[in-house]
Amino acid sequence: MPEEAETFAFQAEIAQLMSLIINTFYSNKEIFLRELISNASDALDKIRYESLTDPSKLDSGKELYIKLIPNKTAGTLTIIDTGIGMTKSDLVNNLGTIAKSGTKAFMEALQAGADISMIGQFGVGFYSAYLVADKVTVTSKNNDDEQYVWESSAGGSFTVRADNSEPLGRGTKIVLYIKEDQTDYLEESKIKEIVNKHSQFIGYPIKLLVEKEREKEVSDDEADDEKKEGDEKKEMETDEPKIEDVGEDEDADKKDKDAKKKKTIKEKYTEDEELNKTKPIWTRNPDDISQEEYGEFYKSLTNDWEDHLAVKHFSVEGQLEFRALLFIPRRTPFDLFENQKKRNNIKLYVRRVFIMDNCEDLIPEYLNFMKGVVD
């Protein structure tokens, strides 16, 4: 029997923000997945840090990962992480009743014409889920509390109740009920494209449940089982008795056995596919990285078939901290002197999450043939 649900009103600024997200047209809706994956990664960081001083924190689940499950039949996209999870008070406070300091600032920025993709910088990235979903449920289990489920269709209120259905062990499961006009976000290819673009260098495995097909060899009678069942059902429905010729039974059976043939059928199955196998080598010490590793990373970053000509890998510490990994390609780009071309090819990341690849202030225009990342 489902537990009694408590209803809470969204804090005024949050309700206003959600209304803005739902009722304004944004073309860049795909950032919702980047934000939810970033939140999942933060939750995984937290449990990992806690486990460094108290390894028993991982007794509720040692494997740290993020899993994406699209379900076209139900029209849902599920994001699961085995991170720190949320207590009941976390769900109530963090997802609705206490506005983060960035809520108002973000709304002001939006109204001033800022891009929706900046939402994560203001600490309210979770609400971007409502760009593509008309209902969201968040089931969460923290080591210090029972499992609870948060639910809202963004109508000014949300509910929280205890959940005894499917134990998570530890972590969070977010189910997005995708809007009818946004179902392309349930396509495997679309999800892979977004993860590859925005979350390729997240420090935990991102697994996608994919549907595949394989060939299976079966004997004719296995393949015909369903047909037999249908015939038997038909006979039961008619009044005519079944006439058997018992005299030739043994001979017929022997012939059947000899004549049994194998046939190949196609069967569908699902399995997890890891989407972020390329690791962010710029976070490592340059002394530990071989030229081959730089070469492989350069090719995966740029889709160039040739090795790079030169590489510069450095970090800056102080008031502003960043790491940079810059490559000079072996060949001059064919459009080097075109005015209309993209101003630079440096990708900007913040904590391994892709932000943009057109930040003109990163390098001067005359160096726009360089490729690389700044994090």
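Every residue gets a Cβ built from N, Cα and C, even glycine.
Feature annotation from Swiss-Prot assigns ATP binding site to N39, D81, K100, F126. Look at Swiss-Prot and you will find 225-245 tagged as compositional bias 'Basic and acidic residues'. According to Swiss-Prot, the feature region 'Disordered' maps to 213-263.
Counting Cβ atoms from all protein chains shown, D81 (ATP binding site) has 28 others lying within 10 Å of its own Cβ. Each of the binding-site residues N39, K100, F126 was scored by the other Cβ atoms within 10 Å of its Cβ; the lowest score goes to K100. When secondary structure is read from DSSP and collapsed to three states, N39 (ATP binding site) falls in the helix class. In the three-state DSSP scheme, F126 (ATP binding site) is classed as helix.
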